[in-house]
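Asks: In case it's useful when we look at the structure, here is the feature table from TrEMBL:
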type: DOMAIN; residues: 6-90; note: domain 'Shikimate dehydrogenase substrate binding N-terminal'
type: BINDING; residues: Ser14, Lys15, Ser16, Thr63, Asn88, Asp104, Tyr218, Gln247; note: shikimate binding site
type: ACT_SITE; residues: Lys67; note: active site, proton acceptor
type: BINDING; residues: Glu79, Gly129, Ala130, Gly131, Gly132, Ala133, Asn153, Arg154, Thr155, Val156, Ser157, Lys158, Met216, Gly240; note: NADP(+) binding site
type: DOMAIN; residues: 119-194; note: domain 'Quinate/shikimate 5-dehydrogenase/glutamyl-tRNA reductase'
type: DOMAIN; residues: 240-261; note: domain 'SDH C-terminal'
Amino acid sequence: MDQYAVMGNPISHSKSPQIHTAFAAQTKQQLEYKAIHVELDGFAQAVSEFFTEQNKGKGLNITVPFKQQAWELAGQLTERAKRAGAVNTLWKDDKDQLWGDTTDGVGLVRDITRNHKVTVQGKRVLVLGAGGAVRGVLQPLLEQNPAEIVIANRTVSKAEELVELFSDLGKVTASGFEQVTGMFDLVINGTAASLQGDLPPLPASVIKNTTVSYDMMYGKEQAVFNHWAQEHGASKTLDGLGMLVEQAAESFSIWRGILPETTELISSLS
Ligand code: ATR
């Protein structure tokens with residue numbers, strides 16, 4: 001049977017096997033999907049072993065901390081992956097070439113616009129963080145034609161680097177957290193601050209009564225940021241579970257040529 005997997009370290013809490021197994025059942029595809037724990041110095045070897053004919057490996061999802069290594073390893077990259085500098089999806093084509101793509105940004109945008117019916121077009125968007133997670137979502141967000149994206153980060157120079165990289169796609173500027181000015185329609189937390197229970201020191205004035213806040217984390221990790229947004233009057237607070245399921249659906253469609261339905265699965269996981 002065709003084999004798929006997610007590779008990461010740590011990996012035991014990954015929901016990807018459950019998600020892809022549900023997609024396979026829904027779309028009547030014969031495949032197996034498992035989670036593989038990879039040693040920190042063993043990524044390239046694990047990938048090459050997975051794709052041997054004997055192991056029947058057809059596609060991989062890649063998670064922390066290997067997304068950048070996967071980008072370097074892939075001989076072929078989609079356009080959006082080239083700019084993102086990281087990939088979460090690998091597969092081999094019929095010429096045995098290893099391809100990489102990033103589906104996180106598509107997942108985020110689909111969750112925001114389709115599942116939650118929140119429009120990005122014409123809106124002021126504040127993105128917090130300038131690491132790999134944010135880099136992977138900027139292009140699909142800018143393709144929605146927001147009025148403006150402000151990238152705020154603890155280390156402002158990293159936000160400035162991203163501005164340079166993405167400014168040909170739309171209006172995008174950099175800022176420190178405390179220096180952010182004005183109100184925003186959509187505030188997306190893509191920092192790792194929530195993992196330590198930290199809150200980026202933003203002025204509360206960024207939130208108005210129609211602001212939607214979105215934390216790319218899900219479960220208890222998103223709580224700190226979304227509580228803060230709610231306390232300051234945000235109209236909606238969303239977590240990243242829908243993004244997780246949507247990025248998985250996009251990967252599944254790259255591998256199998258069929259885009260699964262996600263609504264019921266998202267409800268059953270929440
Ligand atoms: P990821 O792949 O999750 O984006 P990363 O590339 O290490 O991981 O980036 C982590 C992001 O979270 C960065 O924007 C980081 O800010 P710095 O660039 O200043 O390091 C941000 N971050 C991590 N811990 C944070 C904290 N406690 N408060 C605010 N921002 C934090």
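Backbone N, Cα and C atoms are what each Cβ position is placed from, and that goes for glycine too.
Remember, it's a predicted structure, so these values are computed and weren't measured experimentally.
Can you tell me where each of these features sits in this structure?
Replies: As a summary of secondary structure, the domain 'Shikimate dehydrogenase substrate binding N-terminal' (6-90) carries 36 helix, 20 strand, 29 coil according to DSSP.
Within 10 Å of the C-beta atom of Lys15 (shikimate binding site) sit 16 other C-beta atoms, taking all shown protein chains into account.
Counting only same-chain residues six or more apart in sequence, the Cβ atoms lying under 8 angstroms from the Cβ of Met216 (NADP(+) binding site) belong to Leu108, Ala133, Val137, Ile188, Asn189, Gly190, Gly240, Met243.
According to DSSP, the domain 'Quinate/shikimate 5-dehydrogenase/glutamyl-tRNA reductase' (119-194) comprises 25 helix, 18 strand, 33 coil.
Model confidence over the domain 'SDH C-terminal' (240-261) stands at 98, taken as the mean pLDDT rounded to a whole number.
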Asks: Could you list, ordered by sequence, which of these binding-site residues: Lys15, Ser16, Gly132, Asn153, Ser157, have a Cβ under 6 Å from ligand 1?
Replies: Gly132, Asn153
Asks: When you rank Glu79, Ala130, Asn153, Thr155 by Cα distance to Thr63 (shikimate binding site), which of the binding-site residues ends up on top as the closest?
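Replies: When the Cα distances are compared, Ala130 comes out closest.
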Asks: Does DSSP put Gln247 (shikimate binding site) in a helix, in a strand, or in coil?
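Replies: Where Gln247 (shikimate binding site) sits, the three-state DSSP reduction gives helix.
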Asks: Sort out for me which one of Ser14, Ser16, Thr155, Ser157 has the most neighbouring CB atoms within 10 A, since those are the binding-site residues we care about.
Replies: Ser16
Asks: Just how many other Cβ atoms lie inside 10 Å of the Cβ on Asn153 (NADP(+) binding site)?
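Replies: Total other Cβ atoms inside 10 Å, all chains included: 24.
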